[in-house]
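Chemist: Have a look at this one.
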Amino acid sequence: MSFPAQLLSEIIKGEVRFNEPMHKHTSWHIGGTADIFVLPGDIVDLREALSLARRCELPVSIIGNGTNLLVSDLGVRGMVIKIGPGLSRIEVRGERIQVGAGVPLPRLAAVAMRSSLSGFEFLAGIPGTVGGALVMNAGANGCAVGERVRQVTAVDFEGKEVQLNNQELEFSYRCSCLIRRKLIVAEVEFEGIPGNADAIKAKMDSYLERRRKTQPLEYPNAGSVFKNPTGDSAGKLIEQSGCKGMREGNIQVSPCHANFFVNLGGGTAQQVLALVEKVQQRVFEKFGCKLIMEVQKLGEF
Ligand SMILES: Cc1cc2nc3c(=O)[nH]c(=O)nc-3n(C[C@H](O)[C@H](O)[C@H](O)COP(=O)(O)OP(=O)(O)OC[C@H]3O[C@@H](n4cnc5c(N)ncnc54)[C@H](O)[C@@H]3O)c2cc1C
């Protein structure tokens, strides 16, 4: 079946674009074009887009804010669905916060703070969405997002709705069952800890200040490229292997934070991968440790 582009544009309340440059949707500013790019206006849109893709046997990929993504220079075939502003409802009821998967993490942290709910301070400086954070079990400062999750409403690639509780999500370090089970996060119920708004704000400010001092935020990057090996720090191993400042084309191991690779301008996915391999090799030679990528690859590699 050839793809009914017109039909998709008519049934979706959100936006549909064709040959969309993915570098506009990744924090690294890297990536070729997506054949079909959908911004669902709500969960019904999401289901409609999935259903049409299934009928046309099109591959579907899901993204949030693209802050943990390396998109191929050759782009992404099929349909890319970006879970963003269309799924960004947020509602506080007592200690519970009901949040759409497209809500940016700093917004969740700010709403929790204004509601005097603690436990979300570490999210203030993480630029992803709630959906992306759940998939990756994003964390910082000794906390991880999974700790605050009560319930998730997800959709499978057939468009069927699934409810999962905290245990069923199988959270572990920078991981959950969501990628393996091919589930798309639509909405999340969090539980906060009653606290004091001023104290929460002070904690958020100190975390943000620390990031400004220790992370190369002036250049496009995707946060930590590698997961920390158990009981160790990937950044420390990379630095002690003499990799700080190492370059492949316009991608550089940040001289400021060795686990961040920065795009100095016009860098490519191929250059990122070449630098990943070089760094992995150096760290392996020096410490016998194989670093594993935290950043997710998307598209044709
Ligand atoms: C400056 C900077 C600092 C960072 N600091 C941290 C940090 O301290 N701690 C940390 O853990 N991470 C950090 N990150 C990485 C990143 O922000 C997190 O991993 C974030 O949770 C990713 O969310 P996203 O919406 O950008 O997901 P994306 O990068 O768009 O996607 C990541 C993965 O999640 C999947 N996905 C996205 N949304 C959904 C959804 N709704 N349903 C199902 N699958 C989905 C994608 O398919 C992909 O596999 C940082 C990144 C940057 C650029």
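A Cβ is built for glycine as well, from the same backbone N, Cα and C atoms used for every other residue.
As listed in TrEMBL for this protein:
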{"type": "DOMAIN", "residues": "30-195", "note": "domain 'FAD-binding PCMH-type'"}
{"type": "ACT_SITE", "residues": "Arg174", "note": "active site"}
{"type": "ACT_SITE", "residues": "Ser224", "note": "active site, proton donor"}
{"type": "ACT_SITE", "residues": "Glu294", "note": "active site"}
Chemist: Under 8 Å Cβ-Cβ from Glu294 (active site), six or more apart in the same chain: what's there?
Modeler: Asn68, Met136, Arg174, Gly223, Ser224, Val225, Phe226, Lys227
Chemist: Could you work out which of the active-site residues (Arg174, Ser224) has its C-beta surrounded by the smallest number of other C-beta atoms within 10 A?
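Modeler: Result for the active-site residues Arg174, Ser224: minimum number of other Cβ atoms within 10 Å at Arg174.
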Chemist: Can you give the mean pLDDT for the domain 'FAD-binding PCMH-type' (30-195), rounded to a whole number?
Modeler: 97
